[in-house]
Amino acid sequence: MVLVVDVGNTHIVLGVFEGKKLLANWRLGTNKERTSDELGMLILGLFNHEKLSIDKVKSVVVASVVPPIMYTLEHAIKKYINIQPMIIGPGTKTGINIRYQNPKEVGADRIVNAVAGFELYGGPLIIVDMGTATTFCAISEKGEYLGGVICPGIKISAEALYQKAAKLPRIDLVKPESVIGKNTISSMQSGVFFGYVGQVDYIVNRIKNEMHEENVRVIATGGISRMITEESITINEFNPTLTLEGLRLIYERNV
């Protein structure tokens, strides 16, 4: 079995593969205060809950955009799984030609998504990852990483509205029944939700225009993307495990 780990700013997502089959996946909060022992015991507990044997894990692959947690995570993996993890970074074989001014600036999560997206759907392709930040990645018909867009995620937008406007409350992220809100909370929810959907669709269309390619497919992934996909007019498909699949593929290309 292969354990893949995607470390994001808000969540750590883990998946276990047997060959190409995803046996289980879990989501933990990204807590920089956790010790390696706490993290290790959490991972052991997840395996036990699914009745999976941690001893059958032969490799661990990690992609991270949170450097401060990496020492703790690596130590937990070494101590509790007895494996030196493969960390996605410069020098890792991906099969993707990165056409960025400085390829080292591209986040590991974006590269992993590009690998999975092109393998599963082909190109041209736009991948929208709706996490703490929302990222848009453009992939050419030849599988080249062309670049993309980074903007605040929907949760950051909602939280900023609450923190910076004295009379506005904190809101739950839900799809409102109508655009026209009938009270403060529904008005805020409408602005945050429909404003975010509009942002996604507008940026996707601008990227398509600049790519100059026909039949560009748009794939969404990330925490809130299912709800956004249902409302979006540009997203073709929602894939909740895209990043995990990309980690598996990169592992296979490096063994």
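Here the Cβ of each residue, glycine as well, is placed from N, Cα and C on the backbone.
Note that this is a predicted model, so its numbers are computed, not measured.
Residues or ranges marked as ATP binding site by Swiss-Prot on the basis of sequence analysis: Asp6, Val7, Gly8, Asn9, Thr10, His11, Ile12, Val13, Thr132. Marked as substrate binding site by Swiss-Prot on the basis of sequence analysis: Tyr100, Gly107, Ala108, Asp109, Arg110, Thr184. Under the heading active site, proton acceptor, Swiss-Prot lists Asp109, citing sequence analysis as support. Per Swiss-Prot, K(+) binding site is recorded for Asp129, and the stated evidence type is sequence analysis.
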Asp109 (substrate binding site), number of other Cβ atoms within 10 Å: 27
Asp6, Thr10, Asp129, Thr132 filtered to the binding-site residues whose C-alpha is within 10 Å of Ala108 (substrate binding site): Asp6
Gly8, Ile12, Tyr100, Thr184 filtered to the binding-site residues whose C-alpha is within 10 Å of Asp129 (K(+) binding site): none
For Arg110 (substrate binding site), the number of other Cβ atoms found within 10 Å of its own Cβ: 25
Distance, Ile12 (ATP binding site) to Thr184 (substrate binding site) (CA atoms, angstrom): 33
Rounded inter-Cα distance in Å - Tyr100 (substrate binding site), Thr10 (ATP binding site): 26
Cβ packing number for Thr10 (ATP binding site), 10 Å threshold: 16
Remaining residues near the recorded ATP site, that is with C-beta within 8 Å of the centroid of the site residues Asp6, Val7, Gly8, Asn9, Thr10, His11, Ile12, Val13, Thr132: Thr30, Val65, Val66, Gly131
For substrate: widest Cα to Cα gap among Tyr100, Gly107, Ala108, Asp109, Arg110, Thr184 in Å: 43
DSSP three-state assignment (helix, strand or coil) for Ala108 (substrate binding site): helix
Listed binding-site residues (Thr132, Thr184), ranked by Cβ neighbours within 10 Å, top entry: Thr132
